[in-house]
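**Q** Got a structure for you, written out below as structure tokens; questions coming shortly.
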């Protein structure tokens, strides 16, 4: 048995839904402003915000724990704990925002991750109080205990990102598996006007949208959680034709896949299109110097 296999047991524990589901519902009830939600997800910067903020919080705690091992450094250690506690507020807000848009098995791991972080922060509050009262040794002991708990919580966070792909780009592989050359996708007349349609191009599936003689196409998988975009609805954002994910409501511009609304932070995979002799041809947009396949 590998050590981290036990985390998969957490993901399979349905009993956690009794806590995880109400927590999700509460976050969704509180987080109704889409612009605020997009900021917390990281849409404006094109990257999940939570792991960036976590460096400030956990990094401060880790640094304080190391300074506590060095003589005559308890004052800067105390300051770092204060910084970590302040940074934990936006870090937690961003984490809860991501949690609210995750699948159930991720929420089970996420609620244990959150419980560990709450325990860690509680320990640091006690540690800070002891330090401010001049009980440096007691404060250091509480700090090291909190750091150990936080390290376990951080391991769960890494599992969520790398093993369960929460926050990962689920459309990253399209430039490597899609057709690099123009590939037939059927006749123009076969495509209904103003409706998203799924088509197979080479080895991949794409969503194709026709507006008159204009064709635009994106990878079928939503980069947030792999939802089929062809099941989504067409919409308009600031005059740009877009498609809305059917699962979590992310909105992507059809022209280039750009994220117009979260929770997704990575763009949908664009497929350049052309019409030749009444037939639609598509190819994947590749990285410069990196051939598909």
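A Cβ is built for glycine as well, from the same backbone N, Cα and C atoms used for every other residue.
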**Q** Checking feature assignment: transmembrane segment per TrEMBL, candidates 25-45, 46-66, 109-129. Which range matches?
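**A** Of the candidate stretches, TrEMBL labels 109-129 as transmembrane segment.
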**Q** Can you tell me how the residues of the domain 'Rieske' (183-282) break down into helix, strand and coil by DSSP?
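**A** Its residues fall into 3 helix, 54 strand, 43 coil.
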**Q** Residues sitting near the transmembrane segment (141-162): Cβ under 8 Å, six or more positions beyond its termini, same chain?
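**A** Distant contacts of the transmembrane segment (141-162): 4, 7, 10, 51, 54, 58, 61-62, 64-65, 68, 77, 81, 106, 109-110, 112-113, 115-117, 119-124, 126-127, 130, 168.
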